[in-house]
């Protein structure tokens, strides 16, 4: 099939006939063109020789690939439609017999007609009509194929007709030439098929079949004209119409008939034969008066019995809309389930109005706006294609706008147009945003500098939808924000069209704007000499003319001036550079020569200037450079006093932060004046603008061009030509005798660029060969893998692995993979090495090098700029080569830390600038408060002030301090060292109190004995470590200080530390962390090294000396990179090493020779320092605690550090032992290959431990002061075992293999059963515990002390022993009872324990030779006394140690054992033991013979409450003088003056009538320092509360507390504080009916009563806080409550009443003096009335007439003699 042309045409003819049987008429030429396209896209198809459904689907796959590759424009419009028709034909199992019968009958009818006329008119293309069937026959059941009226029409339904057998014999039908008619009719139906679908129909679920074109299509104007010309053939037209109706009836079976009247009334314009479409949305039924159905969607079409088509809206099921709405809400608009519903709905004919109604119903406002924008854009594109196809379907028809805005017009659309509408709508739906949570602020949605405008509009519309709900309501606002919130580039693009287009137009205008557009604008601005802003505003204006002559009107290629300069042009010959063409060498652009070898860049200067190297990249390069050379004499100064010469840029330059440092030409050339050199510095104004100028040095003998190294800091910077950006400072040249490497520099540069163009990643796999323990492995570099993985097939079988508990996850998952049991040494081709533990996984296709290995290799990932890459390629450079002219650049990327062995970046700065590492700081300090701390600077003497000024200047020059305006300040001072030099210190105690202290990172001192024997070592000391570690900038202001001046001659100069200050509490910890972080990379790279770091001392040790040196070199670089400096003079490379106060000489470690100065040992502080140093050395000396005990005893006594101390003879002998031991003793380094033994010696007082390996390794000592008062020796040995095991793991990382101690196995067995410490000490110990010491003289010397084991005190009661009971009382009486005899005696102690201990001593002294069973009711003695037999040292505390020593001597002197048991006192149990204890207890009781006197009680009460003399006199009935003497003898009360008597402030007449209230401060209560005080003026009862402030809420809280104690007052008087004058407090008083008045402002006398109460309260607080009662350790509330208790209940007045008595128990009867008084208002006399209060100059009279009190001057009152009145 298809191999010959005739066969090709024959196949097409047969295919036409086959299609015709299905009612489909196509054009033969179109089918030929279709199979030509099949042949082009499927070359294999003609060779198949046959066709079936499988091969035809393969053709469809080829169409799909072609469509995806070239798009819809390159594929024929009818390709997929024909493919679908043929697919249905091939897939059909059998022909439809009804269709076959109809065809046969039609042929007969057409033959009767005028066949000749038809044939003549067969070439009239405009008369042919076509009917295409699009129903998917394959998907239908046979019953469905027969009846179509019950199915809703598909997306492209065929015309429906009634199935009526009676019409088969229509006499009006005649025969016609069907072949010619079908060919001609097919032409009018190609436009009916939808030519532009979003996806080809065979692969679109919503359009799975080809579109079927209606029998009546949208006619053209030419068709109308030709129909009018063929009026004579009307009979043929009628027959043709009947034919079509008949065929459609057979196919659809629709027999619906409508009267002709209806047809005529609902016809549309233009009208085509055989079709009449209604304008209405529903069919009018004349026979009924039913209401028309609801107008919804979609459009359906039916045919009546007369062959007339009717369209109307069918009622759509609203459950589908609800389902779609639910899917959008729950899953999102673009979820697969939602799209499936939309595609199902799109199978119907939905008009544009229907789509808009549906979308508005189910989508939010923002999403609806997005859909509408996308739908209009799709329709606009489709309309353009329709215009090219000439089918007349314009934008208004597709969108339902303009003349097609109503549903009537949209119902008349052709099926092909409906198909395009459905495609545009579904495509717009698919572009809806994914369900998310956009922001709520619409004005806050702004476009980023590199964000695409479409993404920005999408975010804006989404946010608008959430805010407005209906996006159309805010479309104008969204459009305005889309312009205002766009970035400058997009605003410039939109500005000319801002009012001429909508959001869709905005998106099109900004579609090409992105990062590359921004960079292009910057380049264009530089080319044109404009700023970016000016360029954007003027980009549509004329940009100029010729680049050669500068004139407008022509281009450079047509410039006559340029051509006239060289009238006689020479013809170039063969290029001497590439030898491949005829052109000039300076114009050669070849990258390779004729042999294919790469060519180097151009050498020398050409018209374009020097070859582009590091100093001339295209970004920031010369764009319009001037070629004039200027000397330094041409430079200008800004002013006569300017130190620098101005340097300008000769180019219009654009710099971006991504470009890094760039060189700028200045046009100034050397040399400099004689004996000078130049320093290039930046101007301050350029730094403010964001341009950083790197400083550079210009040599005196440099004759080349001076260039400026500049970098844009954070944004794009445009440097106009001629702008001053730097200055050249000339300095005198100092010539030294250093070695000269080059005789003369000239215009040459030293070295090459440090830049290396990294080769980009290609399709080739990035593999790498590494050696693991000498075996080569090839693997892929995987930056996404955390760990390195080796496939099991490559893993050697003899290399051990272990199963891990981790899971590896990637594309797959590996549970519990195996990992190498040991670290493997990796090595690459450059001999770089490290350690790695890879994982081993089976069935892995390739080995993977993960980040655990790549980080050790220092592999870096670079993202090159595409523009830079293109520029480099254009200049002839290749990746992998240096960019210098000699291509000898360093072949590695520039690291972030800079290169310390090379200076500069580029050429001209090769000897000028160091690219320093990024500044590192110490960790930030956490502060408790941000409130500034200011401590005034104290005065300094003239000598110390001069020293301080000199030291400050030195620190200022060193950069350790800077000038400061900080609000913090702490004083400084200077001290003179032994060498005579001064040292600057700062008192930072106040600052330290405000910071959170960091814990110690190294709680112990590292020991050099843990270094393995035989290791090579290097010792390093860091220079001024604190001063090389910078503080965090935010912390520097807190360490400010002031430098004073004598006689305040000038303001103090203020400075602050930039580095760690000495004296700051966290400086040691920050120093350790900073240095440790610098060393950490070296530790990881050299894991096999033994590296010790303590503060600023570092020790490196290793097996191989070469590795130690390499590690030292890397460590040196790491320290230098972080700013730390190594002191060269303190680097130790050979024995003997001095480290941390020890001398290391081979395996031996000795202490440095020390001479102890005795003349300085005078105070407790001196001896404390000395013994601290000696105790530090004890691990390396075999000095026992007993040897040092005389020295330790000196520390006892007075705790004052300056208290005098002196050396006793025993202490002097101990000091000599220390000196001898320091000089003679040594220890050795540990050998990890030998077992480690821990020896315990039973030395005097406490045992001593020693780690042993044929020589002493480390001595271990217990603390000089035991934790317990009585520590048995065997418990001390157990404590030493615990300490030794801990030290072994702490220093050596292992447990001792053997512990040798002095007890035998039986004794250890006893200790395990009867003590608590021994089982703990030996718990989980897997080694050996022995008592056989190695044969060594040192060990034998240490074994001289005998072992003490209990033998006198029995653990159980003895038989036939004397029964004794002991007891003691706090009365000082001790007693013991034996054999019905009681002995009691008086002691001088009041402690019951000490008294009973003396009773026990008396028992042991009375019966030294008798066996005893002693019972005591003291559990403490019953536990302590049995320990005395084995205690070697008793801790001295008070008098207890003295009695324990006496008791211990009695035990040692006994030869007969005794038993000491405990019995509970007052148990009430029967029996002789309880009875004997009770008798003894009664003997300690004493009957008081004298009562405590009142004076003693008064003294006790005053000591407890500090009562005044009057209260003591009245309460305890003592004399006035005795009470006064008690108060005078009190050291607390004597400092407080007596409180004056109550004054004359108005008082309440009854309780709670008048209160005074105020607030006082007591700072010692901290946050509760605000003490609110209220006092009842009648009784003086005081109520106070602690509050955290003085606001109204605190006042109200205080009053509520007062109400709960003494009730509610009638009247409250306060001052004018804000808490009392507020409206809230006024409302509070008003609601409770409390009268509130204020005193006289700023006059405290108006509040005199409460002010005196403040004084009384504070004095009481001060008194009781110094006492010995519990409130001194209590909370502030306890102390306040105690004071109120004293003032209200204990202090008595002259009537022997307290304030509480006066308040709660007022007198029921009282006599008042009677007076007459004059009213000053009317000068009338009244009375006699009683006097309530008679004050100083004033009298309070109670007017019985007015029932109110009146205050009157004393002069207006006359007393009635001897007249009184009682008041009940």
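Using N, Cα and C of the backbone, Cβ positions are placed for all residues, glycine too.
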Candidates 1021, 1173, 1187, 1193, the one Swiss-Prot lists with 1096, 1097 as binding Mg(2+) 1: 1021
Range among 178-214, 215-251, 252-288, 289-325 that Swiss-Prot annotates as coiled coil: 215-251
Site co-member for Mg(2+) 2 according to Swiss-Prot, given 1367, 1396, 1417, out of 1330, 1359, 1481: 1481
Mg(2+) 3 binding, same site as 1615, 1651 - Swiss-Prot member from 1558, 1693, 1701, 1719: 1558
From 544-561, 562-579, 580-597, 598-615, the residue range that Swiss-Prot assigns the feature zinc finger: 544-561
The zinc finger (544-561) [mean pLDDT, rounded to integer]: 65
Secondary structure content, the zinc finger (1493-1534) (per DSSP, counts of residues): 32 helix, 0 strand, 10 coil
